[in-house]
Amino acid sequence: MAGSGAWKRLKSMLRKDDAPLFLNDTSAFDFSDEAGDEGLSRFNKLRVVVADDGSEAPERPVNGAHPTLQADDDSLLDQDLPLTNSQLSLKVDSCDNCSKQREILKQRKVKARLTIAAVLYLLFMIGELVGGYIANSLAIMTDALHMLTDLSAIILTLLALWLSSKSPTKRFTFGFHRLEVLSAMISVLLVYILMGFLLYEAVQRTIHMNYEINGDIMLITAAVGVAVNVIMGFLLNQSGHRHSHSHSLPSNSPTRGSGCERNHGQDSLAVRAAFVHALGDLVQSVGVLIAAYIIRFKPEYKIADPICTYVFSLLVAFTTFRIIWDTVVIILEGVPSHLNVDYIKEALMKIEDVYSVEDLNIWSLTSGKSTAIVHIQLIPGSSSKWEEVQSKANHLLLNTFGMYRCTIQLQSYRQEVDRTCANCQSSSP
């Protein structure tokens, strides 16, 4: 340290002018041989050189700012030097390149969870039907019926994920997305038929009261049902799997906040919906367990069994009504409930060089896949800008409003000339 200080004082005394010291970034960093000749400590990879010749110095700005050093490839550190964490964080993978692979992995995890849930639902639904039949309990069988609705929903979700990877054919140019809607209609109709049969039996038991229930089997089956639904809740719960991976960027980076920060553990709506259904099943199973406990220890209150059937039938009807309504809207090619046609028209009219929006038709191929056909008239004299208008309208429909497909027809505005139909003239008095 003493030798280094003496060297600095000697260099200051020998300076020809009062110009400030500067770093010479035009020389290579590896000067270990020169350092040894001058008696300085050797640097393995880097040595800062103090230049005396003012001609080598960068031009000093008049405003007193720090001089800007020009980039020089020769001034980089040797490759075997370890990089710091901040240097490593600047190497960012493009989110656009990995988003497709990430989506595939996400769908694979969703399919695995839903498949396991479907298998458990199927096995226990069969077990409940057998247990309810042996125990002569309509409440147990109604609980199995409610589980059938959840099983159908999971199967439809898996079907939708499978169909999304299928390409359209020459006959089915839109693909096979409507198959999901058809399957939903069939499954709901099957549930309603079974529910009608159970309600009829419940009414007969309420009127005649000539039936016996095996309280032990009913209690065991109901207890297993609660346990299975708790397991389903843990299986489908995603709160413990949320973790955000963000690509590290410096705070002043122009790309920060521009979409490179993603939540890689984003929840799946399909799994979340199945989790909500599992919670509903858990509540219903607890109700069946309470009824089984009452019937087991108080057989004279066996009326609790048909009462549970009435309550759970209403619950099944309530949960399936939305499916029926959405299916009818899709079949009739109605506008999806989350889209507003007037608002979309206003947004299209705000595009530059758009004169009017003549036709706007919106419908759904299936749940979550909306399609639009729009006819736009351009301002007279702006036909040369049709590509720009089409690009903006396409981006608005697909990205802003989340359309699955859209078709845009462009036409220059032409004032209509009143023409009287010859048939109308001949028929008029």
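Residue positions begin at 1 at the first shown residue.
Including glycine, each Cβ sits where the backbone N, Cα and C put it.
What Swiss-Prot records for 1-113 (among others) is topological domain 'Cytoplasmic', and it gives a curator's inference as the kind of evidence.
Among the features that Swiss-Prot reports, transmembrane segment is placed at 114-134 (among others).
For 135-143 (among others), the entry in Swiss-Prot reads topological domain 'Lumenal'. Sequence-distant neighbours of the topological domain 'Lumenal' (135-143) (same chain, 6+ residues past either end, Cβ-Cβ under 8 Å): 128-129, 195, 198, 201-202, 205, 211-215, 217-218, 221-222, 225, 281, 284-285, 288, 291-292, 295, 304-306, 308-309, 312-313, 316.
The transmembrane segment feature in Swiss-Prot is assigned to 144-164 (among others).
The Cβ neighbour count for ASP150 (Zn(2+) binding site), using a 10 Å radius and every protein chain shown, is 23. ASP150 (Zn(2+) binding site) falls within a helix when secondary structure is assigned with DSSP. Taken from Swiss-Prot, the feature Zn(2+) binding site covers HIS146, ASP150, HIS277, ASP281, and the record attributes it to similarity to another entry.
Annotation source Swiss-Prot lists topological domain 'Cytoplasmic' at 165-178 (among others), citing a curator's inference. Sequence-remote contacts of a segment are chain residues at least 6 beyond its ends whose Cβ falls under 8 Å from one of its Cβ atoms, and for the topological domain 'Cytoplasmic' (165-178) they are 330, 365-366, 369, 371.
The feature transmembrane segment is assigned by Swiss-Prot to 179-199 (among others), with sequence analysis given as support. With a cut-off of 8 Å between Cβ atoms, the residues of this chain six or more beyond the transmembrane segment (179-199) that come close are 138, 141-142, 145, 148-149, 152, 155-156, 159-160, 163, 309-310, 313, 316-317, 320, 323-324, 327, 330-331, 366-367.
Swiss-Prot lists 200-216 (among others) with the feature topological domain 'Lumenal', giving a curator's inference as the kind of evidence. Across the range of the topological domain 'Lumenal' (200-216), the DSSP-based residue counts are 11 helix, 0 strand, 6 coil.
The transmembrane segment annotation in Swiss-Prot covers 217-237 (among others).
The annotation topological domain 'Cytoplasmic' is assigned in Swiss-Prot to 238-274 (among others). Confidence over the topological domain 'Cytoplasmic' (238-274), given as mean pLDDT on the 0 to 100 scale, stands at 45.
What Swiss-Prot records for 275-295 (among others) is transmembrane segment.
According to DSSP, the secondary structure content of the topological domain 'Lumenal' (296-310) in residues is 12 helix, 0 strand, 3 coil. Positions annotated as topological domain 'Lumenal' by Swiss-Prot, on the basis of a curator's inference: 296-310 (among others).
The transmembrane segment feature in Swiss-Prot is assigned to 311-331 (among others).
Feature annotation from Swiss-Prot assigns topological domain 'Cytoplasmic' to 332-429 (among others); the stated evidence is a curator's inference.
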Contact call for the transmembrane segment (217-237) against the transmembrane segment (311-331), three or more Cβ pairs under 8 Å: no
Additional residues surrounding Zn(2+), by Cβ distance to the HIS146, ASP150, HIS277, ASP281 centre under 8 Å: TYR121, MET147, THR149, LEU151, ALA278, GLY280, GLN284, THR319
Same-chain residues at least 6 apart in sequence whose Cβ lies under 8 Å from HIS146 (Zn(2+) binding site): GLY280, ASP281, GLN284, PHE312, LEU315, VAL316, THR319
